[in-house]
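Asks: Shown below is the structure under consideration.
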Amino acid sequence: GCARDWDGLTCWPRATVGEVVRLPCPRFFEEITNIHGKTFFPRNCTQEAYWTEPFPPYTVACGFDEGSSKGPEDQKSYYSAFWRVYTAGYAASMTSLITALIVFAAFRKFHCTRNYIHMHLFVSFILRAIAVFTKDAVLFADETMDHCLMSTVSCKAAVAFFQFSILANFFWLLIEGIYLQTLLLLTFVSDKQYVWWFIFTGWGAPTAVMLAWVLTRIHQQNTGCWDDDENGVVLWIIKGPILLTVLINFIIFINVIRILVHKLKSQEGGGSHSSHFLRLAKSTLLLIPLFGVHYIVFAFFPESTGLEARLYIELGLGSFQGFVVALLYCFSNAEVQSELKKQLCKWQYQEYLNFTHKHGTLSRENSPVNYVTQLSLLEKISPKRKTSGYQKGVTTV
């Protein structure tokens, strides 16, 4: 029969001689064409145990318009450019988040519950960036790679780590929202009692979901590198918790904005509407990246809906989300800036003291007074010289 074959777009399974295999069009054709849903096209296994070319070809079977301005090569260059954009975004996010993490960890002044939660969120963003780079390196580094035969432990581990990092990131975005609402609603509460519950939920829940997903994959759909289309049960093990966190966080976001509006009105009863609006707009813009509100736009739509816009929002903007969070909640924070300036002045003063001490020591070592002092010390510590006969004679006289 015919061996398993990767034609660059689809993985064709083994087939016996004379067998006709029908497979659906690859999912990315839904973005190029206006055809949505599954369209099947056949391929035969000949008597010579060779596969025939798909007939009709991909362009016809999958509804691709030959006169379209966005051909497969244009589409490839488009995705390549987009890959460069989100790679730069994740690299910028990872660099800024690691720096912010070091700043929060280095200064004891920043060791508080709020910043502990920020630090865990930073770690989840860093893991997400590392997971994206790892997945791209393992699965897409070699364009000639046979994806039919690629089913190694390393590539499955890379995909599993990628899914875990996504889950952990969404759960820590939810923890940030819950913690902020807790502070706004409960004024006289000791937030330290909630820290361990937050940590347990932020890392424990994604771990439990990932164990369920991996076990289900192994027993129900252990195909390829676990990056292919998933059936209903396997898909919703990951997608369900993510949609739930996005929905809860959006509700918390709306409630927090409502609380902020109420507090602004009560604090500035006689103030102008424009000042209220500006403060509210600033607070809202600060909360959007922290809550991940932009994910609600396509959260409850089918995967084929607005694929280009989804790429811009979830990959383009999402890749820079960590950078924006680090910028807003660490580098733009007045308290952090003040502490860094104080530490910088302290370092400069210490360098000045070291320089003056060193310069003063060299000056004393090179002064004429120091030479006289050294000679007198030599006279004191050297053995007494024998007096000459002449000196003895003079003395006797």
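Just so it is clear, glycine is given a Cβ too, placed from its N, Cα and C backbone atoms.
Taken from TrEMBL, the feature domain 'G-protein coupled receptors family 2 profile 1' covers 1-66. Annotation source TrEMBL lists domain 'G-protein coupled receptors family 2 profile 2' at 82-333. If you look up TrEMBL, you'll see 88-107, 119-141, 161-187, 194-216, 236-260, 280-301, 313-332 marked as transmembrane segment.
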Asks: Please report, as numbers and ranges, the same-chain residues at least 6 past the borders of the transmembrane segment (88-107) whose CB is under 8 Å from any CB of it.
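Replies: Same-chain contacts beyond the ends: 115, 118-119, 122-123, 125-126, 128-130, 132-133, 316, 318-323, 325-327, 329-331, 336, 339-340, 343.
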Asks: Sort out for me which stretch, of 119-141, 161-187, 194-216, 236-260, has the most Cβ pairs below 8 angstroms to the transmembrane segment (313-332).
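Replies: Most Cβ pairs under 8 Å with the transmembrane segment (313-332) come from 119-141.
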Asks: Please figure out which one of 161-187, 194-216, 236-260 racks up the most CB pairs under 8 Å against the transmembrane segment (119-141).
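Replies: Per the Cβ under 8 Å count, 161-187.
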Asks: Within the same chain, where does the transmembrane segment (161-187) have neighbours whose Cβ lies under 8 angstroms from its own Cβ atoms, ignoring anything closer than 6 residues to its ends? I mean 6 or more beyond.
Replies: 113-114, 117-118, 120-121, 124-125, 127-128, 130-132, 134-135, 194, 198, 201-203, 205-207, 209-210, 213, 238, 241-242, 245-246, 248-249, 252-253, 255-256, 259, 287, 290-292, 295
Asks: For the domain 'G-protein coupled receptors family 2 profile 2' (82-333), what's the model's average pLDDT?
Replies: 81
Asks: Within the same chain, where does the transmembrane segment (194-216) have neighbours whose Cβ lies under 8 angstroms from its own Cβ atoms, ignoring anything closer than 6 residues to its ends? I mean 6 or more beyond.
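Replies: For the transmembrane segment (194-216), the far contacts come to 113, 116-117, 120, 124, 160, 163-164, 167-168, 171-172, 175, 178-179, 182, 233-234, 237-238, 241.
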